[in-house]
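What Swiss-Prot says about this one:
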DISULFID  Cys52-Cys126  disulfide bond
DOMAIN    29-144  domain 'Ig-like V-type'
CARBOHYD  Asn59  N-linked glycosylation site
SIGNAL    1-28  signal peptide
TOPO_DOM  29-153  topological domain 'Extracellular'
TOPO_DOM  175-209  topological domain 'Cytoplasmic'
TOPO_DOM  231-246  topological domain 'Extracellular'
TRANSMEM  154-174  transmembrane segment
TRANSMEM  210-230  transmembrane segment
Amino acid sequence: MASLLSSSLPSCLPSLLFLLLQLTSSSAGQFRVIGPGHPIRALVGDEVELPCRISPGKNATGMEVGWYRPPFSRVVHLYRNGKDQDEEQAPEYRGRTQLLKETIGEGKVTLRIRNVRFSDEGGFTCFFRDHSYQEEAAMELKVEDPFYWINPGVLVLIAVLPVLLLQITVGLVFLCLQRRLRGKLWAEIENLHRTFDPHFLMVPCWKITLFVIVPVLGPLVALIICYNWLHRRLAGQFLEELRNPF
């Protein structure tokens with residue numbers, strides 16, 4: 001029995017070494033793909049960057065790197081054979097993406113998306129493929145209205161306060177000038193011994209009120225109209241993207 005084992009061991013040794021080398025090479029080629037651990041936020045019309053890297057870090061120049069959008073696997077950007085494959089992009093992303101490859105030698109890449117749209121909101125998947133081995137990571141993009149912080153109350157406050165302060169200041173200056181002018185005229189009239197009606201220079205209250213209120217209401221109405229127009233335009237853009245995603 002011992003002689004049988006000793007005679008068969010040398011013949012099995014090459015097979016064991018080959019299997020060990022295969023396992024070692026297989027484990028050496030494995031890596032993990034890591035994306036941002038939180039949702040990335042962007043405003044409509046701006047540009048956004050989606051970072052992605054492999055761990056442990058290694059040169060990814062010869063790998064296939066890309067981003068796609070689930071659930072239909074629409075290609076957002078694809079890098080293969082050392083160059084970008086623009087012809088394989090989904091139509092809505094052509095001309096809007098750029099792969100930043102300055103640190104690809106360390107296994108780090110970033111996808112830049114220009115002119116962000118409402119339809120870009122949602123999930124993205126980044127993947128690295130090295131021959132037959134592939135890993136990927138999911139990330140989320142949230143798109144916000146650049147005027148989301150403006151509501152009618154804030155708009156009224158922004159519009160009314162500066163104009164109201166300006167009109168109060170102008171009104172006070174106007175009243176001071178009126179009183180000074182009336183005093184000078186009184187002195188001249190007394191010197192000339194003319195009759196003078198004290199109500200001649202009195203300005204009716206409704207005129208002063210109109211002088212203060214009209215300049216306030218004008219800009220306020222204009223700002224409200226501008227606010228509604230901007231929101232209708234953004235809403236129309238969003239509906240148009242939903243109707244024609246491609």
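If you go along the chain as it appears here, the first residue is 1 and each next one adds 1.
Any Cβ shown, glycine's included, is placed from N, Cα and C.
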Write down the Cα-Cα distance for Cys126 (disulfide bond) and the residue listed as 'N-linked glycosylation site', rounded and given in Å. 17
Given the disulfide-bonded residues Cys52, Cys126, which one is most crowded in terms of C-beta atoms within 10 angstroms? Cys126
Within 10 angstroms of the C-beta of the residue listed as 'N-linked glycosylation site', what count of other C-beta atoms is obtained when all protein chains are considered? 11
Could you break down the residues of the domain 'Ig-like V-type' (29-144) into DSSP helix, strand and coil, giving a count for each? 12 helix, 61 strand, 43 coil
